[in-house]
Structures are given as structure tokens and as C-alpha cells.
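Annotated transmembrane segment per TrEMBL: 20-38, 50-67, in sequence order. Positions annotated as domain 'FtsK' by TrEMBL: 219-409. The annotation ATP binding site is assigned in TrEMBL to G244, A245, S246, G247, A248, G249, K250, G251.
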Amino acid sequence: MLVNGTRVEDLAGTGLTTKQRYVIPLWVTIPLFLLKHASRAAGWLIRQARVYWGLSVPALVLLMIWARFGRLAAITALTWWLLLGLVWAYRWPASFNTSVMQPCRGVWRWWTTYRRRWHPAMDGTGLTRTTPDREVYVPAVTRVRSTRVVDTLHVRLLHGQTPADVAARAEGLRHVYGAHRCSVIEDGPGRVRVLFYSKDPLRRLVVPQVPAAAPVLNGLPVALVEDGELFLLCVKGRHVLIAGASGAGKGSVIWSTVLALAPAVAAGTVRLRGVDPKGGMELYPGRALFAEYADEDLGDMVALLERAVADMNNRKRRLKAAGVRVFTPSVEDPLEVILVDELAFLTAYAPKDVKLKVAAALQVLLSQGRAVGFTVIAALQDPRKEVLPFRDLFTYRIALRLAEDSHVDMVLGDGALDRGAACHLIPASLPGIGYVHVEGAHEPVRVRFAYLSDDDIVDMASQWPAPENRDWAPTPTRDADAPVRVELPDTGEDAGPLGLGESCPFRFWTRREGDDA
Ligand SMILES: Nc1ncnc2c1ncn2[C@@H]1O[C@H](COP(=O)(O)OP(=O)(O)OP(=O)(O)O)[C@@H](O)[C@H]1O
């Protein structure tokens, strides 16, 4: 054998070669090469068949039918299979969408959009890891589900990575894929869901749902999440603080919650008390829903809150005597919801004696009311401690558009701004949009609350007045059979066509100007 024109044997001893080389003949090399690549391809096929078992198993069954009974039997089986699919899609569209449409669209989006740039995206955002022997590890995508609005990538983290590591790179990933927003949600130990939103469904007005006859108090449908899911608010055993700058849409949070509760109010299992220091500008249209109400006189407002404390103490004593440990709302002992709009007026701007009395009453309600069925829902513009010193007693917070970025962590807790709750960047033209915490989600979730016009509120009060107000409930503004009218606020923005088809919640929940009611 020659190396650069010199015989190998002659090079031995010159220090230029040290090893004897073995030459494998071509007739061995080529089959080995083919075998290696064939086994790799087979491994890949088996892996894909396992991942897309929804397609591979029926395909395998069809092949077996073909092999065993012939072509006609396979075609008959395929026709039946397609017919069953059509019936499923027609009869149970939501489950067909979740089980068939979303996975199929997910496969398509993965192969056409995400796969090619996944490695560079992970590399560019610093989420890959290289071992000392130069092996590169990339977080693996185990599943993709897609709707027309959001692509959800289920990702397995590398050892040592946390959901916070991925969440910190969300902005970088968003730019790689040109998404409107990217968020990260923990999916279990070592797993996250990375959501890429291609459109913003919350640009459209969210119309309220018809409330359930027996509302579920720990899951009231009040808003739409940006991925098309309903946001369910729990009011039983929680105190809710709504923070938002002027015009942020705090009213829509209050009224969508009241609407969801309204049938229970009329049935007497929920009792509302309303305090509106703005002289009734917010709560008065729904006056008939409130068993107790005060909006002008500061003394009346203080008296209402102090009466709530007295009632709470009485109930506490009664339940203790009866040995009740878990409160269940009933007509005798309803869930008492105390709604306070513009709380800052009572805690910061009112005369000192009023401030002290309000603070004393509210702190007792907030610290002891939970277990005996007293819930406080309060709205305010400025969440600073100077304005609301007992902010932390509110166990659930909702942040709408806020005046300053520093207010975000004050409302949603430390780190919420870093995890994506950019409340200060919500445009003033999109009232009712805000961020909330959802169980299991690492990041605050972006939602838009349902909007009720003044007429909607009056109609709600006329349909479901509190039992003590039935005699003077207002007359409805429209025929009970007429479709619900929604007056669109002039947001000055073109909502643009959304083109959502199969995603059920959107179809019934969002409406554009000019759409049929
Ligand atoms: N969820 C919503 N969807 C669409 N528009 C909304 C929504 N909520 C409120 N709006 C519009 O924004 C306007 C201001 O809302 P709202 O009065 O509830 O704000 P606010 O936060 O209570 O303000 P303020 O503290 O000044 O009273 C409303 O008149 C309405 O036109």
C-alpha cells in the first residue's frame, strides 16, 4: 500500500506511521453501510409509528385485513371507518376536534413549521447542552396539538432544566417562529407545554354565556383564555382583588361574575351586598340583585360592611354550635358575596375615621370569612400598599391594564412580570383583557372578561332579582325571546376576521360588530 507515493513498509521506522492498517474490501463495506442506514430507518419508522399510533394502528389493521381477506374487505373496512369518523365529527364535534383535528393539525404544523427550526431555536436560545465528548442534547418534542389559534408543543426537559429556564426564553422562541405570543406552562415533572399563539382571539369582544341554572361556585365561566378555553373563577372560599387602571374594564369582571352567580342569587343560595363609592355609577344598574346596597353615604357604606362582620360572627357561632366544619351554601345560609367597587376610595381617600372603620371591617371579613361562606370581591385602580395595606389578605388577584410595570408584581406576586404578565402593555383600546393565575400554570394566563352592556345588566337584574327585591325588579329592556344584544364599545381597532371554525368556545363566545346575534 502506498501513502503519498511511498510504500507503507518503508515508512515504518521513520516516525511518520505507527500503526498497521487493515483495508476492508468494498464488497463488505457497502452491505455494512446499507445495513446501518436500513436499521436506522427502521428505528425511526417504529418511533414515528409509536408517536402517531392514531394513524399507524388503523393503517396496520387495514393492511392485515387486506392480507387476510383481500382488497375488497380492506376497502369496505376503510369506508366504514370514514363513515364512523363523519358521524363522530357531526355528533360530537368537540371531542372529534380534540381527539382527531388537533393531533392531525399538530402533525402538519410540526413537519411544516417547527421541526426544521427546532434545533437551531433551542441552540440559539441556549436550551441545548453539549457534553465534553461533543454530543449535543436538545429538549425533545413529544407531542404537538394545534388549533387555528395556538400550537402546543409538549416538550421533555433536559436533566437539570426547569420550566422557568424555558419560560425565560419564550420571547426568543416567539421571534424564531413569528408567533404573536409564546408562553410556557409546566406539564408535570420534567415536562412543559410551549404554546405559540398565531392569532389573538381576545381582540374580539367576549359575549357572556347564559348562566347555569345551578352555578358551580368554584368554577364560574367569566372569561375566555387566549387559547380558547373558558376561564373559570372560584368565588367560594376565596377573596378576589381586581386591579386595573381607569377604563381597564374592572366593571366587566364584576358583572360577568355577577351574571354567572345570578340564578343562585334569585334562588337565594348566594346573597350579594354592594358598595359603590362612585355614587352608583357602576353597581346601581343591577341594584335589584343586591340584598344590601350603599352608594352615596359613607356612613351607609361603613354600616353595610360592619353588618356583614356581625352576620359573619353570628354564623360562625351557629356553625360552631352545630359542629359544622365545612360550609355548604343553602337558602338558610347563603354564600355572602360583598362587592366593593373603587375600594381605594374607602381605604385611602375617605376621612380618617371612615378609613379606620372600613379597614377594620374588611380585615375581619378577609381573614375569617372564607370558612363560613363570606367572600369579598373588590376592585381598585392603584394596588400600592399605601392605598391598600391589607392587599395580601386577598387570596386571588386579577390584574387588568395597569398604569406602571411595578404594579404587576404587587398584584400577581413576585416574578409575575418576568413570567410574562405585561399588564402595563395592554392597550387601552382592549378593555377587559388581563392576567390571572391558573392552577398548574407556571405563567399568569391572559384572558378577556365577558362584556355586559348597561341593558344586559338591567335585564339580568329583572330576570334574577334577589328574593327580597322581587316586588320592584326593573322591567326588562328587551323581549325575553329576543336574541341577546351586545353593544360594542368603540375600541377604534379593527378586530379583523378570526376565521375560527372548529374551536367551539370561540364560535359561541366572540362576536364582531355586524355579526348576527
Ligand atoms: N370586557 C370588556 N370587553 C370590551 N369592552 C369593555 C370590557 N370591559 C369594559 N369595556 C369597555 O371599557 C369601558 C370602561 O370599562 P369600565 O368602566 O368597566 O372600566 P373601569 O376599569 O371600571 O374604569 P373606572 O375605574 O374608571 O371606572 C366600558 O364602558 C366599556 O365600553
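Including glycine, each Cβ sits where the backbone N, Cα and C put it.
Location within the structure of each feature annotated in TrEMBL.
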{"residue": "G244", "record": "ATP binding site", "Cβ within 10 Å": "29"}
{"residue": "A245", "record": "ATP binding site", "Cβ within 10 Å": "20"}
{"residue": "S246", "record": "ATP binding site", "Cβ within 10 Å": "10"}
{"residue": "G247", "record": "ATP binding site", "Cβ within 10 Å": "13"}
{"residue": "A248", "record": "ATP binding site", "Cβ within 10 Å": "26"}
{"residue": "G249", "record": "ATP binding site", "Cβ within 10 Å": "23"}
{"residue": "K250", "record": "ATP binding site", "Cβ within 10 Å": "27"}
{"residue": "G251", "record": "ATP binding site", "Cβ within 10 Å": "23"}
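A Cβ distance below 6 Å to any atom of ligand 1 is met, among the binding-site residues A245, G247, A248, G249, by G247, A248, G249.
In this structure, A248 (ATP binding site) belongs to neither helix nor strand by DSSP; it is coil.
Mean pLDDT for the domain 'FtsK' (219-409) in this predicted model: 93. Other residues of the chain with a Cβ within 8 Å of the Cβ centroid of G244, A245, S246, G247, A248, G249, K250, G251, the ATP site, are Q381, L400, R401, P431.
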